[in-house]
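In TrEMBL this protein carries:
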DOMAIN    34-402  domain 'Major facilitator superfamily (MFS) profile'
TRANSMEM  34-53  transmembrane segment
TRANSMEM  82-101  transmembrane segment
TRANSMEM  110-133  transmembrane segment
TRANSMEM  169-189  transmembrane segment
TRANSMEM  195-213  transmembrane segment
TRANSMEM  275-296  transmembrane segment
TRANSMEM  316-336  transmembrane segment
TRANSMEM  345-365  transmembrane segment
Amino acid sequence: AAKENVEGIVQITKDEEIGQIPLDEGRHRTIRQVVIVAIASLWFMSLGILLAFSNGAEADIRRHGKTIYGTPITFSSKQLDMLSSMIYVGSIPGSLLWGWLPGKLGRKAAILLLVLPHSIGWLVTGLAVNPVMLLTGRFIHGIAQGATSVASITYIVEIGESSIRGKLLIFTQIFIAIGFFITVTLGLGLHYFQFAYLGVTFSIISFVLHLPLPESPLYLVVNGRQEEAKKILIKLRGSMTEIESEIFNLKHENEYLKNQSVLTNLLQPQVLKSLAVVITVFLIQNMSGLYVFYFNATRIIVDSTRNSPGAIDERLAVVLSFILQLAGTVIAISYIDKIGRKKSIIMSLLLVAICNFIMGSYDIVTKNTCISNCFNEMNSTTTEIVTAAIDQTTFTADNDNI
């Protein structure tokens, strides 16, 4: 447990001893970890760009329908749907492969290799001459998506100390939201193949900035490289932290897990309970329609406002939607520790349910001629009543002035 006293000293109590860390040292080590995690999270900005790519790409294909070579390219409705769905198809082999690579090559090497699926996916997408080639690029983007989610999060969790680990993971969502916003904003003026330049640029920047980052201490301990792990932990935690104790705990935990089969570990009641919670949360998140909207915001807004006179421009509407998404992420940071993770999830899902209900109701109303006419008549009647009331108020006010 950690407590901060009046003199500005953080008391860290352990089983064997009690150490004291100056407040400045505590801040410095937190800043070091935050910087490292922020750089590692840049891959999630690249991920946000490729996830939201279908919004700008679809709008550009509908309007211009030209490849990078100036030749025409035409997509059927199903092929446009596949611009998004191919991401999920590719994420399966990406997750499996990059679930194996960090254990064999190391966390840092696995993250550096992310530059391959990210860059290759963008090159194939940008140079596409037909729908099949572009969809192949999206499949490779899916590999990048699965790989990034596994490799980067593993690294972030192992780099950060337990007291700030939850907050550090928020960086991933912030950078995804920024990637979404960049994509839909630039999508107002870029052709779909020009996004390839943007995507490759961010991939290379992420790769270069990740080169000087340290290896995961846990990976080093597991592979018997305790001295290297100790040096990295001193840089991350500071010289006044009990490093030997942390290395001992990591080594002991790894040896314990090695002596247990995977099935035995999974069947432990606490593990089963935690696994059930995680699966439920991810199932609800993926079935809530959030990602459907992220991938297809442009189409949803275009289809819903097609027959609405005076409707807002769909490109502006998409930008505003993702601005709200970014704002929601930032707001969540400020209250998540105050109200707790569980309440935050419940509140978020309630908001998603309300918005889905409103969107679904609007679609039913606008597509049902009878209901739509009734609403139009109600609006017309309401307008007449309001106009009459305003006229009466104006007439009464004029009389009072007279």
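Cβ atoms are placed via backbone N, Cα and C, with glycine included.
Note on the transmembrane segment (195-213): residues 36, 39-40, 42-43, 45-46, 49-50, 53, 56-57, 108, 111-112, 114-115, 118-119, 121-123, 125-127, 182-183, 186-187 of its chain, located 6 or more positions outside it, place their CB under 8 angstroms from a CB of the stretch. The domain 'Major facilitator superfamily (MFS) profile' (34-402) scores a mean pLDDT of 79 in the predicted structure. Under 8 Å from some Cβ of the transmembrane segment (316-336) lie the Cβ atoms of residues 52, 55, 167, 170, 173-174, 177-178, 180-181, 184-185, 187-188, 293, 297-298, 301, 305, 344, 348, all in the same chain and six or more residues away from its ends.
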